[in-house]
Each structure stands twice: as structure tokens, then as C-alpha cells.
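Worksheet: one structure, shown below.
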Amino acid sequence: MSTLDSMDAILFSLSRAFCSPFAVFLQIQGCVICLLLALGWLMAAYVRNREVKRIKNSVKAGNSFAFLYQDIDELEHSRQAKLPRVSVIMPLKGFGEHNLHNWRSQITSLYGGPLEFLFVVESTEDPAYHAVSRLLSMYQIGAEKIHKDTKYVLFLDDDVRLHPGTVGALTAEMEKNPEIFIQTGYPLDLPSGTLGSYCIYEYHMPCSMGFATGGRTFFLWGGCMMMHADDFRQDRYGVVSGLRDGGYSDDMTLASLAGAHKRLITSPPVAVFPHPLASDLSFGRYWNYLRKQTFVLESYISNVNWIMNKVLFAVHCYLSWGFVAPYVMAVIHITSALRIYIKGYHHLQETTVASGGMSLVILLAICTFIELLSMWNLTRREVTLCNLLSPEAPRLSLAPYNWGLIFIAMLVDNFLYPISAFRSHFSQSINWSGIRYHLRNGKVFKIERRNDMVPAKTDLGGKHLYGKKGAPQKASFLSSLGRNFAHWRQPKKFDV
């Protein structure tokens, strides 16, 4: 038997093995995963589209400010004067290509009530310090420590691009339902064209369906969280001590506290934010980001939180490789069928196996098409919604999205997720923007800072982390934020 015939024999054996009952189960399972994702995105698109229709109908009815308020009477001075005070807290680290635009969208909010900003920087050597100082001087904005009359606190990532009416929409929901513990939202990634950026987009898309509920959700994104200021002043439910005493992930910690105390988390339908990814986002930076996301599951504040994280760890890993496995088998089935056609084999067993294998491939292809179509539809709805909510901003478009790369990113991301998760589990440490965190029993017990650990740029935004002097300071962000909480009762002026 020739070498080529030996290779064909191995190929046909694999194809035959992949037609066994267990292998068929795995391939059908992969199709089910595709269809479940498609269903989730279809439901999320329904929620986003309902909001799109509401805004368009309101505009047709004569409300040109529907992107701000559903009821135009809300813009009356008597109502605007009664709006509660909101303080926006935004930690800054590094400066990148999209930061200036993002910060402008935040400080130029059209919220009609008292609004103040607290920009938290770790060091005056951080490039963000000089950039935001210039921006605030341009807009002649003064910043204070949290005001004693602040009713709500909005935590934002510095790469969040707000809509003009975001603060007002979040505040209105808090006013309507005082039982809300936290309001949150989620980003709409705008890939830059690199495989790494598409992997980030694909990673976030399954999570996005949990935030497109139009109301109650169990998920929380740390990039946008509005809460009652008194919860922090009084350390209610341990929201401050949970973060201060070894807490690593703000959103996972607060979501765990909400679950433990049966508190309400909501995500309004307008809380979706454009998130442009860095134009030079490399695959290596995507891998670093994925490592940080899986590392979050290693942190916990209670036994119940630990169990939930481990269940999420196991389920996510199983589904990720369960999603990828059918495509590996499909490659074998296609290759086997091509060899039979090219070599002219007519053995009944091989042709029967190849026929069965190709039937599974066709089924997988149909399910994949439905999945990608549903993902495209949700993205289209969210792009439309973002354009309506920010009529003054440059128009977003679906045109730059490369759906071939998105399909590849789906396979790459789901293949790498379990690898990253297991590495995080066994390492128990992570380098986050030049700061290495070490966990013990789910909490941070050691923080290292060394110049040789500082990456050239951050992962998603491509931000330069340090200026020419480039030396990170010894105080951690968590400790500095904790000190800020301690001074809330005694607000003082400060320079950003």
C-alpha cells in the first residue's frame, strides 16, 4: 500500500469514527448550540428593535428630542429642576486613539440635573492625567470629590462612548423604581479589521444577549454601573468592603452581592454603547484580554460565589469545545468525500460513510448560517439604535464588518477559551496593564509593580500607559478608590 493510500485509509477511518453514535451526538449538539445562540440573539434584537421603533414613532409624532426623552414634556424647566444630582466616577489609565472622543461624549451629556465628574488617576505621570486636564480646561469644567447631596453614582470605563441622553435615561429608571440596586449596559464592539478585534467582538456577542432584556438581568458590566450613592456611604451589603478587602472584579463582586441579598439589577434597552477597538489590536493583545476575562472566574467573596463561578467555568468550557468539535469533524468529512471523488473509490462502505458525513456537514452549515444571520441582525439593530441615540455623532455602519473573519474568530475564540480558563485556574495571577495581581482563596493578597511588566499598550484601546518618566506609583487603584469613598462625607475641591 502506498503512502498516499495509507493516508486515505487513516482519513476514512476517522470519517467512519466520526459517524459513530457518540460522534453524531457531538455534531448535533454543536448544531443545537448554534441554534440556541441564534435564538438568544433574535430575542435580544427584538428588544433593541422595539426601542428603535419607539424612538422613530415618537419623532414622527413631533418629538424631535425622542433620543433624550420619550415624553417631550420632561424637558420643561420645572421638571429638569427637580432631577437628582448624579456623580460620574471614571478611572483613567493610559491614553489612546479613541479616548478623547469617548471623554467628550461623557462630559457633554445633556442631562438636565446637577452632574459632576470624578476622574481617578493613579499618578500624574499617567498620560491620561495631562490629556483629561486639557480636555476639562477646554470645556471649563471643575471636578469635585463626591458631593454630599449626590443621589446616584455612575461608574464608567474610560473607553465607554455615551449617548447624550444616557445619564438621563439611567436616572429616570432609578427614579421610577427605587428597588433597583444597579443599572448597567453593554458595549457594541466596532472591530478595526484585525483578527484580534473580531475575536473580541465574537467573545462579547453571546454575553450581549444577557443585557438586552429591557429590564431585569442577572448580568453586570463594570464599564457602566449606576447605583445609589447611599449604598456606598453606608457600605450597604458590603459594596465597599467587598471591593476593598481583596476584591478583584468590581462587576462580579457586585453581581454576587446582588444575588446574595436578592437585589435588582436592570439593563434598560437604550444602554448599548459604541466601543471602537484599537486599529492595531493584535492577536497577542486579544489573548491577554481573554486571560483577564477567564481570570475573573477565579475570584470570589463567598462559598456560593465560588460554586457559581466553578459552574460557569465548567459550562463555558464544555460549550466552547462543544461548539468547535463539529467543525473539526466536518473538515474530516469534507476531505474524505473529496478523496473519494478525486481517487474514484467505489467501495460501498466508504461511500456510505462519506454520504452520512456530508449530511452532517450540510446540517452544520445551515445552522451556522442561521447563527451568523442572527448575529448580523442583532448587530444591525444595535447600530441603528446607537445612531438614533447619538444623532450628532458620526454614523455607524455594518459595512466594515467582515463576516468571514467573524466566523474564523468564533472558532478561534471558543477553542482558546478553555485553554485560557485552565491557565488562569492554575496560575492564580494575572498581569493587568503592568500590575500583577495574585489571588489566594479568591481574593487579592499581593500586588506587584515592576517596569518590566508594563506592556507597550493596553489590550482593547491601544492606550499608552505611561509617559516619558514611565514609572508606576506604589498606590493601587482599589486602595485609592477606597480612600475616595472614605471622603465622600467631606467633599473637597481637587485638580484632576
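All residue numbers here begin at 1 and follow the chain in the order shown.
Cβ atoms are placed via backbone N, Cα and C, with glycine included.
Any TrEMBL annotation is an automated prediction that lacks curation.
Residues or ranges marked as transmembrane segment by TrEMBL: 22-47 (among others). Sequence-distant contacts of the transmembrane segment (22-47), counting only residues of its own chain at least 6 positions beyond either end whose CB sits under 8 Å from a CB of the stretch, comprise 205-206, 208-209, 212-214, 269, 319, 322-327, 329-330, 360, 363-364, 367-368, 370-371, 373-375, 377-378, 380-381.
Here TrEMBL flags 321-341 (among others) as transmembrane segment.
Residues of the same chain lying 6 or more positions beyond the ends of the transmembrane segment (353-378) and with a Cβ under 8 Å from any Cβ of it are 12, 15-16, 18-19, 24, 27-28, 30-31, 34-35, 37-39, 41-42, 44-45, 48, 205, 208-209, 212, 326-327, 329-330, 332-334, 336-337, 340, 398, 401, 403, 406-407. According to TrEMBL, the transmembrane segment annotation covers 353-378 (among others).
Sequence-remote contacts of a segment are chain residues at least 6 beyond its ends whose Cβ falls under 8 Å from one of its Cβ atoms, and for the transmembrane segment (321-341) they are 8, 11-12, 14-15, 18, 23, 26-27, 29-31, 33-34, 350-351, 353-354, 357-358, 360-361, 364, 410-411, 414-415, 418.
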